Structures are given as C-alpha cells and as structure tokens.
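Right, one structure below, let's go through it.
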Amino acid sequence: MSFAVTILGCSSAKPTPDRHPSAQAVNVHEQYYLVDAGEGVQQQLVRYGINPLKLRAAFISHLHGDHVFGLFPLLSTLGLYGRRTPLEVFAPAPFGELLACHLRHFDTELPYEVVWHEVRTTEHALLYENRTLEVWSIPLRHRVPCAGFLFREKEPPLNVNKSKIAKYGLSIAQIAAAKRGEAVRLDDGTLLGNGELTYRPYAPRSYAYLSDTNFSARAAELCRGADLMYHEATYAAAERKIARERGHSTTEDAAKAALRAEARRLVIGHYSSRYKDAEALAGEARRLFPESYAAQEGATFTIEKRP
C-alpha cells in the first residue's frame, strides 16, 4: 500500500524562475490529497503525472496567497474535466467567503460540490477520516491563523500467524474471530489470547506538514514519531532574527523540530527567493539532524513499510 509525498512547489511568496509556491500531493493507498495550493498547482499536478480528478480532498494551511491562490483555477478546471464527486476542502476562516465569491462570479454551475470544512487553527483536532487514514490539524505560530497537518495511517488489519493455525487446528470461524481481534477458545476449552495468534503486517505510517511557523515545541510534540516531517525553512540559520519577526523558521529551527518530534526523516522547504542553493540549506539542517533533505519540485518521498 503506497504512502508518498510529491513536492509540487517549494518556494515562499516571491516568485523565482525555477520554483513554484507551496503545494504538495500526498498519496495514501492510491488516494491523493492536496496540501496547500500555491499559484500554478494545476500545471504542476499535470507535469508530475498526478491526475487532478484523483484528488479526494485539499488541505490549506493558511490564507496567504502563496498557499491558496492556485486552488481556485484548479476548481474551475476540475469542472472542465467533468468531475462529479464532491471535493472536500479544509481551510481556516474566512476561506468560505473567498470560495463563495469565486463560485458566485466564476463557477456558477460547477458539476460537482465543493464542501468547505473550517480548520480551527488553535486546536489539535481530527479533520478527516476514511477506512485507512486520519488527518489531524497541528496549531502553528505564524502571523495569521495557520495550521499544519498530520497524515496518519490507521493500523492495518490483523493477520493470523500460519504456524498458529496449523499448531492449534483453527477453524475458519476461529480464524475470522482472531482477525477481528478476539480471543479464541479451542475445542478443549483452552482460551488463546489474540496476541498469541495474530500480528500486524506493518506499523502505521505518518507524515507531518508544518508550514508556515516559528519554531513550536508543541507542534513538534504533536507529530512525535512521524516517519516523514516537512518543516518550513524560509531562512538560513544566520537569519534567526528576521525569521522570528516574520513568523517563519530557519534551517536550525526545522532540525530542532525534527529532533524534538523524534521524526525519522526531515524535508525542508518554503525557501526565501534570496537562496539559490537549497542543498546548502539542507546541509545546515543536517548538522543537527542528519536525515535532512531539501524539497525539490518533482521529488517524491516514499514512506516504506516497516515492522
């Protein structure tokens, strides 16, 4: 079952010749979720082979243009593609006003429904859930209300150990009971605990998206154990003062967040236009957190299964 993140944009607000503003596509079990939607996001989806019609939901961290201006053209294009299924959008207020204005003036007859859910940016709350996935909000510290997102896979179904089936001569009904998490009573009256018979095929995986924000210990702790963490690093380590003033982070802040969260890997992005070499920024982060990587457009970070 797939779990991967594709970088569609990794720049901050000012345009550059070779970077788009923030946008990512998260693939969980071949279901796609858009995370932020800077300008040009629909072209980026097409460029990197992601069918926009496969998007199940969009998650917008905050209402600065470099994170949301690309969403409205995408909504129009989805209508041209003939989308019929609703698209859920999770975003802070007053996104509803922006959406209503767009629908009133540009897309009065969309063939599908856009369903907006307000993200309360001061709360750590469950936003979205399906059979295999949960998405939680993560309060962030920016100049405007802003939230990160934690994508967390649900525990996979239990498997029954084949050697135990043979050892105890389990029936089909007993195997089914074990898969439901129940204890199993044998014909001789022996009661076997579920843990004696079953195992999870792999540990649930998780991805944390933290942009835009000053360093936040609380946000890092809410992402504890993340397999992959994206943390904005708008500025190099030497620019700590300006980062604080503007509600952003440095490369060192991102690394400290990953350390505090005990994340397995860190991806940095949201680079200021002043920086041409993203790898140099990642090198700063690696001094504190060795498993640090620079977001580059088109790069896909796969979260592999582990026991």
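Numbering starts at 1 and runs along the chain as it is shown here.
Cβ from N, Cα, C; glycine included.
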In TrEMBL, HIS62, HIS64, HIS142 are given as binding Zn(2+) 1, so which of ASP187, ASP188, ASP212 is in that site too?
ASP212
Of all the binding-site residues given, HIS67, HIS270, which residue's CB has the most CB neighbours within 10 A?
HIS270
Entry from the binding-site residues list HIS62, HIS64, HIS142 having the most other CB atoms no farther than 10 A:
HIS62
Give me the DSSP three-state residue breakdown of the domain 'Metallo-beta-lactamase' (205-271), ordered helix, strand, coil.
27 helix, 18 strand, 22 coil
Name, in the order they occur in the sequence, the residues of the same chain whose CB lies under 8 A from the CB of ASP212 (Zn(2+) 1 binding site) and which sit 6 or more residues away.
SER61, HIS62, HIS64, HIS67, LEU140, HIS142, CYS146, GLU232, THR234, GLY247, HIS248, SER249, HIS270
When DSSP is mapped onto helix/strand/coil, what comes out for ASP66 (active site, proton acceptor)?
helix
